[in-house]
Amino acid sequence: MNARRTDLTQARTPRGFADRGAAELAATRAMADRIRETYELWGFEEVETPFFEYTDALGKFLPDQDRPNAGVFSLQDDDEQWMSLRYDLTAPLARHVAENFQKLAKPYRSYRFGPVFRNEKPGPGRFRQFLQFDADIVGAPSVSADAEMCMMMADALEAVGVKRGDYVIKVNNRKILDGVMEAIGLGGEENAGRRLTVLRAIDKLDRLGPDGVRALLGDGRKDESGDFTKGAGLDEAGAARVLSILEAKRSTNAETAEALAAEFAATPVGAKGATELKAIADLLAAAGYDGRVSVDPSVVRGLEYYTGPVYEAELTFQIAGDDGKPIQFGSVGGGGRYDGLVGRFMAENTPATGFSIGVSRLQAALRALKGETAEASTGPVVVLAFDRDRIGDSMALAARLRAAGIKAEAYLGGSGMKAQMKYADRRKSPCVVIQGSDERDKGEVTLKDLVEGAKAAAAIADRAEWTESRPAQVTVPEARLVEEVQAILARHR
RNA sequence: GCCGCCAUAGCUCAGUUGGUUAGAGCGCUAGAUUGUGGAUCUAGAGGUCCCUGGUUCGAGCCCAGGUGGUGGUACCA
């Protein structure tokens, strides 16, 4: 009967994708509910966009227009138009706003939650499908909107259980860096690539340190594996000037903003950036968010499209990993102002700012913080099946429990009683209902409390006593089924 | 993308210089126990030794290419 079959299909998830079980889904749902409550409290409304967008709507931010599958998952519709799975929630929002511009009250405050897809190499804790939770304000040009975004991000983190002090929202302004780059001769369209290289170099500060960043700003850097990363090609003075931004951090937001204003107001754009940061610092102070939101010149974000304030949510607690070394969780979300994004779809330019929370990443961090306390949720009461032809009786008993609001199921498998008990055990069933012919003849049911029973069993060593004692088990009139089961459930609440 | 390491049962792994029918522990299924979770004992099921090709009388083991995983690095909208 076991002839070797060679036609079996291999059961496997695609690389970088994962199935998620009940415990993890429950944790995700709980977290999403907290975030949702926070956003609604701030007056944001939910909107959902499809997983697919036309590739051109996702935009010029694709790494290579000629290869639509690089970075994103793309396919051609039957009319030959390219469509792509969304890689974030911001580009689809920009499209939605442009498409419904007349209908939306501006400033438009909205949030959305869902999976996004990236076609790149997966790593540990890094998947090709993951969840984001975004909030954006479209149509508010002032930095008060950016300040509000930072505050709401802080509220959201606290709502999901990150304690004050265990996180920090860092905020900076792109314009300061733009000013510096302009001053050292990196202005203009022709230097866009080098400006991006500078941004990416600064983004690596926490990992590579000042010397590593300096190398990336100059000629380039060779890492331990021998791979060479080309640098931005700045001269020594230029690199020093860029790095000096990072030293402007002071102990309070007001002082940092002032230091930046004093140092980097040489160009009009730099001055504007400093003024904006000062305004944000004032708003944060007035709202009581000092300390939770911190003005930090090292935040740049790797994205090209940000035009003003940028911010990043960082978890600051450390816990030891399996190898004893501390794990740094780092960034769990970020965002910024993208005044040009909606403008790709319509002549009217529309300012916008928003941020994204990496739900999967945040969830992983919280799980590590709290330990694997995914407390086993209680399963259903299981009504055992005695005679195959009396399954209707089991189902009727289960139905009575359900009518009383108790999770219950009749055992539908084909195994014997011992296996059925094991099944109930594995389902984390609090209690089983047994009705064989003995009970049925007398109009009774036997209930076994599995939680109590497990405790009693621990003390019993030999088989005879085990079978004899039948711990935590009662036989009651069938009419009292619901009350007695409720009593058992109440014991373990 | 680049560099390194790894791939044998559901899981963790052993497997001699290249030599007969590839093993262990755990897990799973069942029996001992006419109707009871645990413990104990016993039995059973479960394998394309990642794939393809090569060397050889003979390959789980050696060689080449591929695939997948993993650790760095790059990218991360």
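Just so you know, the numbers here start at 1 and follow the chain as drawn.
Using the three backbone atoms N, Cα and C, a Cβ is placed for every residue, glycine included.
Of all Cβ atoms in the shown protein chains, 20 besides its own fall within 10 Å of the Cβ of A:ARG301 (L-histidine binding site). The L-histidine binding site annotation in TrEMBL covers A:ASP88, A:LEU89, A:THR90, A:ARG118, A:GLN132, A:ASP136, A:ARG301, A:TYR305, A:TYR306.
What TrEMBL records for A:29-380 is domain 'Aminoacyl-transfer RNA synthetases class-II family profile'.
Shown in sequence order, A:ASP88, A:LEU89, A:PHE113, A:GLY114, A:PRO115, A:VAL116, A:SER356, A:ILE357, A:GLY358, A:VAL359 are the residues of the chain, 6+ apart in sequence, with a C-beta less than 8 angstroms from the C-beta of A:GLN132 (L-histidine binding site). Averaged over the domain 'Aminoacyl-transfer RNA synthetases class-II family profile' (A:29-380), the predicted model has a pLDDT of 87.
Cβ neighbour count for A:ASP88 (L-histidine binding site) (all protein chains, 10 Å cutoff from its Cβ): 16. Using a 10 Å Cβ-Cβ cutoff, A:THR90 (L-histidine binding site) registers 26 neighbours.
The full span of the recorded L-histidine binding residues, A:ASP88, A:LEU89, A:THR90, A:ARG118, A:GLN132, A:ASP136, A:ARG301, A:TYR305, A:TYR306, taken as their largest Cα to Cα distance, is 21 Å.
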